[in-house]
Amino acid sequence: MNTSITARELFDQQRDKLALRWVAGQKGEHREIQAGSNNARRPSLAGYLNVIYPNKVQILGTEELAWLDSLDARQRWETIEKIIQVQPLALAISKNQSCPEDLGAAADESNTPLWISPKRGHELLNHLSYHLARTLAPRVTLHGVFMEIYSIGVLITGEAGSGKSELALELLSRGHRLVADDAPEFTQIAPDVLDGTCPELLQDLLEVRGLGVLNVRDMFGDTAVKKNKYLRLIVHLTRPMTEPTPSGYERLTGDSGSRHVLDLDVPLITLPVMPGRNLAVLTEAATRLHILRTKGIDPAAMFIARHSNLLERRTP
């Protein structure tokens with residue numbers, strides 16, 4: 001999913017938090033940056049003024065403006081030209097410093113957004129870098145019900161009619177929490193972290209066949225809903241056409257594997273849906289098993305080791 005942000009969107013989203021004022025280049029509000037590929041040579045999203053390797057948002061603090069003032073007229077004009085020519089998303093001046101007239105005029109002429117904030121330079125840098133990184137991070141929407149079970153994020157997937165929503169409802173009644181139903185959105189906010197959230201349209205809602213749309217917050221209380229959670233496990237529900245006949249190894253280890261989501265392989269456990277099986281209990285057990293495995297505890301491996309030791313002791 002391609003993501004982008006315009007200068008106007010960034011300004012509106014950060015105006016109150018950073019007390020931003022738009023002082024020049026208002027016609028450049030439609031300037032846009034898009035999520036780029038993982039390229040070490042691409043420009044930084046935000047940073048202090050850099051003419052050689054320009055940032056997408058150039059921050060001018062006390063030292064940067066003092067450096068501009070130290071240049072002679074010709075060097076100053078050439079430097080401002082270089083700043084403008086690379087077409088940054090915006091320029092941001094910290095500490096409510098006055099905007100130099102020539103810089104403001106160049107911003108207006110080139111339609112380069114220029115903002116002023118009372119925040120210090122490093123505060124602007126931290127806020128803008130974090131916000132841009134989150135906004136432009138790779139993201140994907142998956143079909144399923146995303147829940148918090150035993151404090152970890154679990155995505156329940158399966159074909160239509162496999163019982164995902166009914167399972168989610170049972171888990172809610174057992175004290176677990178809903179993040180998103182039907183279309184949770186996952187963002188890769190770090191090399192090994194997928195953050196799952198709910199689209200605004202579906203917030204607090206769970207659709208169950210026969211009951212329609214339920215408001216989980218109203219039915220179970222505020223604590224039954226979670227704003228976001230990191231994805232750690234996928235539980236996939238499958239409906240076998242015939243009685244499954246797992247191999248001996250699968251009987252020991254279960255039907256586990258992984259699913260590739262963005263750049264990560266997420267652990268996956270498959271649970272067959274059959275009459276008489278308590279899927280809520282099985283999903284809780286699968287989650288507990290995953291937690292144990294992350295701690296290096298594998299019951300199947302322990303049993304295999306015990307069995308091997310027993311055979312060795314009994315072998316003459």
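Glycine is no exception: its Cβ is also placed from the backbone N, Cα and C atoms.
The range from 236-241, 272-277, 308-313 that Swiss-Prot describes as region 'Important for the catalytic mechanism of dephosphorylation' is residues 272-277.
Note: the region 'Important for the catalytic mechanism of dephosphorylation' (272-277) comprises 0 helix, 1 strand, 5 coil (DSSP; helix = H, G, I, strand = E, B). Ranking the active-site residues His143, Lys164 by how many other Cβ atoms lie within 10 angstroms of each Cβ puts His143 at the bottom. Per-residue confidence over the region 'Important for the catalytic mechanism of dephosphorylation' (272-277) averages 85 (mean pLDDT, predicted model).
In the three-state DSSP classification, Glu159 (ATP binding site) falls within coil. Cα to Cα, His143 (active site) and Glu159 (ATP binding site) are separated by 9 Å.
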